[in-house]
């Protein structure tokens, strides 16, 4: 029995296997592949053991009643096996070591009966790969799976199939964190014929893995030792600690004193409304898919895109870093006050804050660097202290306050409650100023979301922990406000001598007088106690005052610790996405938890710097506004995603509403200005600046944001709305179907058309693929994204439309009929002149000319563009492609090819010059570009190629120079318009549109028209009047009175010599022979046809003479295209007319509109 056979002989114990090598559960996306073969041999051949021995039946065979091979059932089994499929799965992870020359050893083979043998598929029918044998063949381990033996598929579906059942692993992006990404069989593997290779596998529907994701997918994630938190320790604890800050112990009683109990509860309620709406929006986003690390940055960037995400991520990380300093300074100020109280200052008040703050932040930094587990333990301890302090405050309200009455504490008294219920604003305070002071206490609701990457289940933990934390903290805040307002009066002197007998004071009617103390002196003399004057009221109320101080320490340190952890996590996620390339160094993580140690160091120094400043009153409002800007965008993200109606927006959390989220965003923006208007303006300016920067940089990411979804929705709605609008001549714009082939191969053609359609009309780059259908469809699948990306990278506002057809004419017919959407359909066919028509097959020339007829049949205008040097530089790109392939081989020489319109994906750039050089820098640049896998967008790129030098000939150099002709400034030249025939005005509209563009704005339009010699002045004035009514500027109008003059004999002879190979010469043949030849070759020119159209032929020759005489120095010529009657003029003659008319001239556009007006002088 060979190693790796499905079972051992009965009664034989397999030898103990050595420790198994660690291999992936299953090959990753780039490796896993199925090979499908027909089972043509019988079962005997398939089951024959090694060296002809017959293996014993396996337990599975015995259960199914299958006899061992070699008995009488073998022939029947062989017949039954015919026509079945066998799935061959190749696992590169189990390839033998190089040079071993044999199959997989028993030590390398996976254990039989284990999930490893099945490549990670559990044997419960949940997969295609079921019972099978592991055999060695050649140098690669193959897994043979006969789908007929797959009892799950056979019993479930009644037939054999390689279709995969639905499985979560098919929908993963990478193997990171959640598990492997498995590849389902492609449609080609299911659909294509078995004797053909299936398509190269790829990802569909925008699932392309980024380079980072592909790198992650190349290893199996080891989660051993990784610390993950649940919703209590990871979210609830952190949020409560951040929300219960210094505000609870120091400023809440002051707020109650000014606003009163009623308005204080309203202030808390308003803050809770904002945070609750934000919490609901956060819950909706986090339950709409897997959430990785990055907190608010991740949520916003994946919802609104990298522009908003990159802006908010940077300021949110900075806000958390500075918040560390704020909380530490708050702690240091409390310690300093204690030192002042006990007369124990070290140096002075300011420097003591710096010393204490520095020591504190160093300790917190050490805890953070020690790991998230230690940080979480510290947070739990601090929460315990905080809860004890709050409980101590609650208990203190019930302890009789005999010795505290002079300081304004009287336990629960209805008189105090009624007196403190209303507001008593002093010293310029107002409701909104009090609200602005309180609201920063509510900015800790994202403390749990900020460490989303360290949560075991962020989708469950963030909504549950955040909303529960908001509820608990709101109850505590409101309860503390009511309690303090019911027990402590607003003003107290602290003097026991102010005690009186209740009711004896004649001019004292406040609550304190009714309770035995007269504090009326506080109206004229500042007092030190009471809600309005003493920030330590909670210590006064509590049962044991030092516990409140401990609570203050706990609140400040826990908030500082949470911010110290949050800032690096957010910053690391931002840097990983490479939104700001210069910051990528901070994306590196260390250890099992991928700790951002560099981010910790950066946050430490930022916090330390602000601590040493020791003056945070100015920066504090900005930090609060940074937090609020994040909240506003989270709320707006939910509204935006709901508005976009993307099918991918399916939050599991249902308790949200898009309009409430919009209200939350507006409230956040309003609160920003309430807190500090100049800080709000500064925040908006910073966010806008970062947004513009990221938009300008255009990071190469695709996260399926709601911005994309809404853009599509708006475009769809407008396109549908446009279909109900009738076309009007005033709104006509040339919308071109431009037959470029591969867009990089004809850059001059594309740039010229783009010059008069940019921001005006539609351009669709048509590309007809011919040849074998299978190969053409494969090329279309790859070219669609590649060339559209090339157009975008080169700032071409055009679409790419490939099509498969038997020939150019058929493909163009398809495009003429099918390209476009609603009113956004091409109305003008544009293509280059077929320069090589003399040497080309006349069938291709016939198709070329018939394409013009097809365009006219479809009511398209036609533009034929001729450039003397030609347009097609694909042979130069092929040369560069060859150089690129040679680059990988080690040769002594280097060739640097300067490229234009380079496309790193297609490797088809043009070449300007070739010279020998040695350039390590250029080589490194190219290597970096190839590693990134991105198309180049630089106008000139240097690519180092190894091999022999291949200099360009003179024609190629001219062609290369001409390919960039229309990218340059055209200067003060002329555009000569030969408007000989009225085609509706397209011949005049195109040059006008050109002059509106920056590169052509200095060119003047000269108009040439036909006329009679005796009416030249009249015809000139008539045309000038028409052009003025069209509001088109012109520099000159020339009337051609001698257009019908017979051309020179030399030019006539040259024309006849040119068409000689294409003539039929029917007069020299028998009638039957000439008719047969004409039927077989309809493009041939007959003697009768040539005679009928002799005058029209002479006109084309004469026009070329006039063109060379009048327009040889023009930057561009735009001329009426002659029209040949379909079926009457042969293709060869029509081609000869176009050739004769346009030869030896500057760039020329032969234009013929569809004879519908495209210009009007009516308003």
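Including glycine, each Cβ sits where the backbone N, Cα and C put it.
Just so you know, TrEMBL annotations never went through curation; they're auto-generated.
Feature annotations, courtesy of TrEMBL:
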COMPBIAS  15-24  compositional bias 'Pro residues'
DOMAIN    234-737  domain 'Amino acid permease/ SLC12A'
DOMAIN    746-1163  domain 'SLC12A transporter C-terminal'
REGION    1-78  region 'Disordered'
REGION    97-135  region 'Disordered'
REGION    901-947  region 'Disordered'
TRANSMEM  248-274  transmembrane segment
TRANSMEM  308-332  transmembrane segment
TRANSMEM  353-372  transmembrane segment
TRANSMEM  378-399  transmembrane segment
TRANSMEM  431-453  transmembrane segment
TRANSMEM  465-489  transmembrane segment
TRANSMEM  600-620  transmembrane segment
TRANSMEM  626-643  transmembrane segment
TRANSMEM  655-673  transmembrane segment
TRANSMEM  679-696  transmembrane segment
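Below 8 A, the CB atoms of the transmembrane segment (308-332) and the transmembrane segment (465-489) form no more than two pairs separated by six or more positions in the chain, fewer than 3 in all. Non-local neighbours of the transmembrane segment (626-643) in the same chain are 274-275, 277-278, 281-282, 284-285, 288, 296, 299-300, 303-304, 308, 312, 315-316, 318-319, 440, 443, 446, 649, 656, 658-659, 661-662, 664-665, 668-669, 671-672, 675, 683-684, 687, 706-707, 709-710; each lies 6+ residues outside the stretch with a CB under 8 Å from one of its CB atoms. If you look at the transmembrane segment (353-372), the same-chain residues 6 or more away from its ends with a CB under 8 A from one of its CBs are 227, 229, 324-325, 328-329, 331-333, 335-336, 346-347, 378, 451, 454, 557, 560-561, 564-565, 568, 591, 593, 595, 597, 600, 604, 607-608, 611-612, 614. Long-range contacts of the transmembrane segment (465-489) within its own chain (CB-CB distance under 8 A, at least 6 residues past either end) are made by residues 231-232, 234-236, 238-240, 243-244, 248, 252-253, 255-256, 260-261, 264-265, 268-269, 272, 275-276, 279-280, 282-283, 390, 393-394, 397, 401, 408-413, 416-417, 419-421, 441, 445-446, 448-449, 510-512, 519, 530-531, 537-538, 540-541. Through the fold, the transmembrane segment (378-399) approaches residues 233, 237-238, 240-241, 244, 248-249, 367, 411-412, 476, 480, 483, 487, 538, 541-544, 547-548, 550-555, 557-558, 561-562 of its own chain, all at least 6 residues removed from its boundaries and within a Cβ separation under 8 Å. Long-range neighbours of the transmembrane segment (679-696) within the same chain, counting only residues 6 or more positions beyond its ends whose Cβ lies under 8 Å from a Cβ of the stretch, are 306-308, 310-312, 314-315, 579, 621-622, 624-626, 628-629, 669, 672-673.
Packing against the transmembrane segment (431-453) from elsewhere in the chain are residues 229, 231, 234-236, 238-239, 241-243, 245, 247-248, 251-252, 255, 258-259, 263-264, 267-268, 270-272, 274-275, 278-279, 282, 286, 291-296, 298-299, 320, 372, 423, 425, 461-462, 465-466, 469-470, 477, 559, 562, 565-566, 569-570, 573, 594, 620, 624, 627-628, 630-631, 671, 674-676: each is 6 or more residues past its ends and has a CB under 8 Å from a CB in it. On the 0 to 100 pLDDT scale, the model's mean across the domain 'SLC12A transporter C-terminal' (746-1163) is 81.
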